[in-house]
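*Asks:* Marked as coiled coil by TrEMBL: 244-278. Residues or ranges marked as domain 'Major facilitator superfamily (MFS) profile' in TrEMBL: 55-488. Marked as transmembrane segment by TrEMBL: 51-80, 92-110, 122-139, 146-167, 173-196, 208-231, 337-359, 366-389, 395-422, 434-454, 466-484.
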Amino acid sequence: MGLVGMQGNENGNGEISEIPLGAKTKYIRMNSDLTETEEGLPINNPETRKFVFVCAIFASLNSVLLGYDVGVMSGAIIFIQEDLKITEVQQEVLIGILSIISLLGSLAAGKTSDAIGRKWTIGLAAVIFQTGGAIMALAPSFKVLMIGRLLAGVGIGFGVMIAPVYIAEISPAIARGSLTSVPEIFINFGILLGYISNYAFSKLPAHINWRIMLGVGLIPSVVIAVALFAIPESPRWLVVQNRIEEARLVLIKITNSEKEAEEKLQEIQIAAGSANADKYETKAVWLEILRPSPAVRRMLITGCGIQCFQQITGIDTTVYYSPQIFKNAGITGNSQLLAATVAVGFTKTLFILIAILFIDKLGRKPLLYASTIGMTVCLFSLSLSLAFLSHAKAGIILAIIAVCGNVASFSVGLGPICWVLSSEIFPLRLRAQASALGAVGSRVSSGVISMSFLSVTRAITTSGTFFIFGLISCSAIAFVHYCVPETKGKSLEDIEVLFQNEGELQGNEVEMGDVEHLMQKS
């Protein structure tokens, strides 16, 4: 080995000597071979690749619950209103409160995952959501429906925060972007299932169909209960808990060899530092977040900022209220409206696969540029179609293309990469709590936008609302340019160094790029 991670260097006696965090990344040529960190190498063992992928799949199942809820509620609300006779304000509250209340789950998930582990926090999320979902499906009144909605929101808050953190901590750097995007795939898949469920059960009586629509969403929770016995705990969490031998066994399962596992263990131990020291207590972690160093401040701006931009560009309103948007465009009839939303769901799911294929090849920033620029164009196009071509055939076609283009652009970049970045840029001691804070920003933004959408459209029209979303999307392009570093191919420990010195960032990226180029030539 020419280099052991960022923090360990092998000397002539085979011993590991420490390099302080913050040291600049160096690549050393030895025996005429250019080498890089072991975490940057691909997993060559097919069984190991399969195991890591299965872990990512199982950890992401909670995301199906979030996606299904978002998709199914867009159609179910039509029949809930008909059955329970709820007002427009109650509709807004019922839809938007899930995102607001999920912040409680996201905040609690950080501390909970540090206490009981990433794996069992995933299980807790499923239990809470399943309880809330069952209450919603059987609710005899709006009040009971809201109780179930609140519980489901807490469960979703746990799930959306912990899955990317868990996956990032078990994934090799070369595939971390793709694997950490798996929850976003499952969110999109859940949305599509929700839309299909709407369409499939829409012809049943109104007092039954929405209950079946909501009840079907409980199925993934059962699978999660089984999955918990198949996936390991995060090795990084085990190291922090000083369960070194267990961490070593997990690393052997997710790396190429025992030697690589041992080297990775040394690297994680150095990054974790004195894992049981006072500085890792929750109070100290939150103190560091509330009074951040310049490096941590840059991490928080990037992580929390990208989470907020993901929602304030209006993606949830496009998904939740797509039937209303298409109705404003000129489509009539519940079946036609729900059929149009299925097209949106297919588009959103299809384009997330593009992100998975290219996120670790092209990098995070190119996809974010394509995403935010594409969203901006589509949001302005939707605004113009609703303003000047409403109820015309051309206007309906343009509205459908604009909505599908918006969700496609979102799925290519801002959707999945938001979670990738927020799970990989923070140091180990802060990762769970800082990721939870970012998830809170996402959930609050989503809730506020969703709960106010109908009221705002009444005040400034649907066209005006999407014009504002277009302006916000413009500012997201600038944010990506100035605040988001490229993290492709870097280990979690390497990424921490990127934020240590603002002036060092560009040079580090060039150096990494040079190494990749040389590796390709060799």
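Placement of Cβ uses the backbone N, Cα and C atoms for every residue, glycine included.
In the displayed structure, how are the listed features positioned relative to their neighbours?
*Replies:* For the coiled coil (244-278), the model gives a mean pLDDT of 79.
Only residues 6 or more beyond the boundaries of the transmembrane segment (146-167), in the same chain, are considered here, and those with a CB under 8 A from a CB of the stretch are 55-56, 59-60, 62-63, 65-66, 69, 93-94, 97-110, 112-113, 118-119, 121-122, 124-137, 139, 176, 179-180, 182-183, 234, 419-420, 422-423, 431-432, 435-436, 439, 442-443.
With a threshold of 8 Å between CB atoms, the same-chain residues lying at least 6 positions outside the transmembrane segment (173-196) that come near it are 37, 39-43, 52-53, 56-57, 59-75, 160, 163-164, 167, 213, 216-217, 220, 319, 338, 341-342, 344-346, 348-349, 352-353, 355-357, 359-360, 364, 411, 415-417, 419-420, 423-424, 487-492, 494.
Cβ atoms under 8 Å from those of the transmembrane segment (337-359) belong to residues 71, 74-75, 177-178, 181-182, 184-185, 188-189, 191-192, 194-196, 198-199, 202, 318-319, 322-323, 326-327, 331, 367, 400, 403-404, 407-413, 415-417, 420, 488 of the same chain, restricted to positions at least 6 beyond its ends.
Residues 309, 313-314, 325, 328-329, 355, 358-359, 395, 398-399, 401-403, 405-406, 408-410, 412-415, 417, 461-464, 466-467, 469-470, 473-474, 476-477, 480-481, 484 of the same chain lie 6 or more positions beyond the ends of the transmembrane segment (366-389) yet place their CB under 8 Å from a CB of it.
Distant neighbours of the transmembrane segment (434-454): 88, 91-93, 95-103, 106-107, 109-111, 157, 160-161, 164-165, 289, 299-300, 303-304, 306-308, 310-312, 314, 316-317, 320-321, 324, 418, 422-423, 426, 465; these residues of the same chain sit at least 6 beyond its ends, with a Cβ under 8 Å from one of its Cβ atoms.
Among residues of the same chain six or more beyond the transmembrane segment (466-484), those with a C-beta under 8 A of the stretch's C-beta atoms are 298, 301-302, 305-306, 309, 312-314, 317, 364-365, 368-369, 372-373, 375-376, 379-380, 382-383, 386, 414, 421, 460.
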*Asks:* Cβ under 8 Å, sequence separation of at least 6 from the ends of the transmembrane segment (51-80): give me the contacting residues as numbers and ranges.
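*Replies:* Sequence-distant neighbours of the transmembrane segment (51-80): 43, 86, 91, 94-95, 98, 122, 125-126, 129, 133, 145, 152, 155-156, 158-160, 162-163, 166-167, 170-172, 175, 179-180, 182-195, 197-199, 202, 206, 209-210, 213-214, 216-217, 220-221, 223-224, 227-228, 230-232, 253-254, 316, 319-323, 334, 338, 341, 345.
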*Asks:* Let me spell it out: take the transmembrane segment (122-139), skip the flanking residues so only those 6+ beyond its ends count, and list any with a Cβ under 8 Å from a Cβ in it.
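*Replies:* For the transmembrane segment (122-139), the sequence-distant neighbours (Cβ-Cβ under 8 Å, at least 6 residues beyond its ends) are 59, 61-62, 65, 105, 109, 112, 116, 145, 147-159, 162-163, 166, 211-212, 214-215, 217-218, 220-222, 224-225, 228.
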*Asks:* Please indicate, using numbers and ranges, the residues of the same chain that are 6 or more beyond the transmembrane segment (92-110) and have a C-beta under 8 Å from a C-beta there.
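*Replies:* Residues packing against the transmembrane segment (92-110) from afar: 69, 73, 77, 80, 86, 121, 125, 128, 142, 145-146, 149-150, 152-162, 311, 316, 320, 432-437, 439-440, 443-455.
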